[in-house]
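**Q** In case it's useful when we look at the structure, here is the feature table from TrEMBL:
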TRANSMEM  B:54-70  transmembrane segment
TRANSMEM  B:86-106  transmembrane segment
TRANSMEM  B:113-130  transmembrane segment
TRANSMEM  B:136-157  transmembrane segment
TRANSMEM  B:164-184  transmembrane segment
TRANSMEM  B:204-225  transmembrane segment
TRANSMEM  B:246-264  transmembrane segment
TRANSMEM  B:270-288  transmembrane segment
TRANSMEM  B:319-340  transmembrane segment
TRANSMEM  B:352-370  transmembrane segment
TRANSMEM  B:377-396  transmembrane segment
TRANSMEM  B:402-419  transmembrane segment
Amino acid sequence: MPNEPVLALRGISKRFGAVQALTDIDLEVRAGEVVALVGDNGAGKSTLVKAIAGVGPADEGVVEWEGRPVQVSRPHDAQELGIATVYQDLALCDNIDVVGNLFLGREILRAGVLDEVEMERRSRELLQTLSIRIPSVRIPIASLSGGQRQTVAIARSMLGEPKLVILDEPTAALGVEQTAQVLDLVERLRERGLAVILISHNMADVKAVADRVAVLRLGRNNGTFDVKTTSQEEIISAITGATDNAVTRRKARNAEVAK
Amino acid sequence: MTTKIDETNGGDTEDVAPVAKDAVAAVDPRLLVRQEGFKGYLQEFGRKLRSGDLGALPVIVGIAIIWVVYQVKDDAFLSPKNLSDLSILIVGTGLISVGIVFVLLLGEIDLSVGSLSGLAASTMAVLNIRHGVPEVLAVVIALALGAALGALHGFFFAKIGVPAFVVTLAGLLAWNGLMLQVLGTTGTLDLDDDGFVQTLSSHYFSQLIAAYGAATVAVAGFFLAQFLGARRRKAAGVPSRPLSEILVRTGVLAVIAYAAAWRLNEYKGLPLALVIFVVVLLALDFVVRRTSYGRKVIALGGNVEASRRAGINVDLVRISVYALSGLMAAFGGIMIASRIGSASQQAGTGNLLMEAIAAAVIGGTSLFGGRGSVWSALLGMLVIGSIASGMALLGVANSVQYMITGAVLLAAVVIDSVSRRTQRSAGRG
């Protein structure tokens with residue numbers, strides 16, 4: 001295959017006590033590709049993301065990174081590989097300014113002292129390359145809108161120069177314009193050749209930016225669809241489990257006959 | 001903060017989806033950009049005031065009011081002797097309060113500092129007087145003891161997960177008990193009048209040049225740091241402070257520094273204790289604002305989970321902050337013993353703990369974590385010390401003094417809470 005997957009999951013399973021959260025999950029993401037991970041509540045999306053990010057390692061299955069099997073047992077392992085995760089609850093400090101948040105935990109030092117000038121310069125550069133519009137990089141996160149915070153959180157994940165970015169419900173609590181900003185940013189990540197896993201409930205968002213959609217249902221793969229050739233209804237029926245019933249079978253047969 | 005905002009906004013507007021294109025102008029119209037120069041500074045100041053970002057203003061106004069009122073009542077208040085005594089009086093509790101500032105930045109509390117300071121002072125005295133340990137070594141051991149016991153609190157809080165309030169409450173009782181044990185039946189141990197510890201509080205740099213020289217070094221150092229910082233920022237193409245603003249700031253500092261030097265020189269000169277206090281303040285202010293450790297402490301006060309995910313070793317930072325609090329408590333205890341000239345069973349009891357916490361809060365450090373400055377220990381102690389010293393001059397009873405200090409503390413917390421709420425609604429919280 002010319003375009004080898006950056007990340008490939010093979011047969012991932014995860015149990016919590018008596019609950020089988022994930023069963024035999026396969027997933028592939030390639031560079032420059034946005035894969036949407038969709039599913040109903042409790043379908044196992046977050047569990048799968050945690051397995052990839054090293055927060056809650058899988059019980060069984062193989063994680064392949066650029067073709068070789070790897071162990072991701074701690075968040076640190078994932079970061080080493082080049083996997084950046086932006087969680088739903090943002091993980092920013094309200095009381096610190098944009099620059100401080102971008103560089104939190106990896107401050108640039110100059111002779112052992114915080115190099116505010118360099119950090120500010122790089123922050124502006126980073127935000128500019130991602131076309132993120134923030135009124136000022138020196139205002140506390142608390143004064144930013146939800147969409148701006150989300151873009152800061154995503155920009156923050158870019159500092160580690162990752163190859164794969166996982167976005168957990170990035171548009172869940174956002175308004176129309178803010179959602180547009182975030183979706184623009186997702187497209188820019190793809191243009192920069194990154195692999196993106198986008199978790200979303202919003203079919204419109206998924207249709208807008210994703211290349212492929214992987215559906216989880218009750219902890220199992222329930223199909224992977226090409227966004228361009230699949231209708232929203234088909235995806236939704238895969239999510240709700242309505243794929244395999246009389247209506248869809250008739251539809252499929254009719255479609256074949258029509259060909 | 002200022003000028004070149006359009007840089008970040010200049011990017012590629014062409015390829016943006018139409019939805020965003022209409023909504024985003026070249027410069028974000030919602031941003032209130034500060035004007036260059038002095039006028040812009042005043043506007044910014046007014047806006048900060050309205051949005052509840054008061055900074056050190058209320059407490060400075062408070063100090064001014066207290067001083068004017070006392071001076072009118074009794075003109076001995078602003079006399080060189082009284083001011084010089086005040087500057088030594090605030091050092092011990094002020095040092096303890098500096099440790100409290102760090103704990104408050106975490107959004108936690110340390111109730112043990114009073115007892116810990118008493119324990120450190122009596123340990124130092126017992127080692128020196130009963131066991132003949134040299135004074136300097138005894139001080140070092142006492143400081144190490146303070147840091148170790150503080151780290152112990154931090155361990156129970158960070159690793160075991162016991163609420164800090166309870167851990168340090170236990171410390172308050174236990175270390176007070178241990179201090180009584182250490183002192184034994186003697187009760188009070190008098191320190192050597194000409195010894196190292198007493199000298200810390202009794203020595204004055206009496207040459208005129210000392211105080212003025214220190215003021216000059218402070219002002220020049222401040223100006224140079226600001227000026228070079230601004231030049232570096234300009235060179236890197238990020239917004240910088242205009243020269244006029246730097247000059248104004250330096251001017252304000254110069255007025256305060258030289259006025260203090262003049263008053264101190266009128267009496268015995270520059271007190272060593274004050275020098276120690278200011279040096280500690282400068283050093284720890286640097287730690288908070290300019291090192292990654294300080295950044296971690298503030299981040300923890302803002303959002304623990306975010307800090308953890310950013311790879312900050314939360315437990316280690318917590319333990320170290322409590323160790324620092326213990327260290328500063330021991331240091332403060334020793335300076336108090338040095339001022340009184342003895343270590344007694346009363347050391348570290350009474351309202352010392354309350355004063356140390358109140359000073360940090362009155363000085364403007366938030367009780368809610370993540371917001372504050374090391375300098376609030378100095379400002380807060382100036383308020384509390386001024387009230388006490390003025391009351392003593394006027395011959396007012398302790399009872400009234402406690403009630404007034406209580407009212408001031410309440411006022412400070414009210415300002416903290418209200419400004420926090422206003423900041424929330426102004427989106428700066």
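Glycine residues also receive a Cβ, built from the backbone N, Cα and C atoms like all the rest.
Because TrEMBL annotations are produced automatically, they should be read as predictions rather than curated entries.
Could you give the neighbours, burial and distances for every feature on this list?
**A** Residues 99, 108, 110, 112, 116-117, 119-121, 123-125, 127-128, 163-164, 167-168, 171, 175, 196-197, 318-331, 333-334 of the same chain, all 6+ positions outside the transmembrane segment (B:136-157), place their C-beta atoms under 8 angstroms from a C-beta of that stretch.
Within its own chain, the transmembrane segment (B:164-184) has Cβ neighbours under 8 Å at 103, 108-116, 118-119, 122-123, 126, 149, 152-153, 156-157, 322, 343-345, 347-349, 353, counting only residues six or more beyond its boundaries.
Away from its own ends, the transmembrane segment (B:204-225) comes close to residues 246, 249-250, 253-254, 257-258, 260-262, 264-265, 268-272, 275 of its chain (Cβ-Cβ under 8 Å, at least six residues beyond either end).
For the transmembrane segment (B:246-264), same-chain residues at least 6 beyond its ends with a Cβ under 8 Å from one of its own Cβ atoms are 38, 41, 78, 80, 83-84, 87, 211-212, 214-215, 218-219, 222-223, 226-227, 230, 270-271, 274.
Same-chain residues lying 6 or more positions outside the transmembrane segment (B:270-288) and placing a CB less than 8 Å from one of its CB atoms are 84, 87-88, 90-91, 94-95, 98, 102, 105, 199-201, 203-205, 210-211, 214, 261, 264, 294, 297-298, 328, 331, 335, 338-339, 373-375, 377-378.
Residues 56, 59-60, 62-63, 66-67, 69-70, 73-74, 76-77, 82, 85-86, 89-90, 93-95, 97-98, 100-101, 277-278, 281, 355, 358-364, 404-405, 408, 412 of the same chain sit 6 or more residues outside the transmembrane segment (B:377-396) yet have a Cβ under 8 Å from a Cβ within it.
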**Q** Please identify the stretch among B:54-70, B:352-370, B:402-419 with the greatest number of Cβ pairs below 8 Å relative to the transmembrane segment (B:86-106).
**A** B:352-370
**Q** Would you kindly check B:54-70, B:319-340, B:352-370, B:402-419 and say which stretch has the most C-beta pairs under 8 angstroms to the transmembrane segment (B:113-130)?
**A** B:319-340
**Q** Any residues 6+ beyond the ends of the transmembrane segment (B:54-70) with a Cβ under 8 Å from its own?
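**A** Result: 48, 77-78, 362-364, 373, 375-376, 379-380, 382-383, 386-387, 390, 393-394, 408, 412, 415, 419.
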**Q** By a Cβ-Cβ criterion of under 8 Å, what residues six or more beyond either terminus of the transmembrane segment (B:319-340) are in contact with it?
**A** 88-89, 91-100, 102-103, 105-106, 108, 110, 112-114, 116-121, 124-125, 139, 142-143, 145-151, 153-155, 157-159, 164, 191, 197-202, 273, 276, 280, 293, 297, 347-348, 352, 356
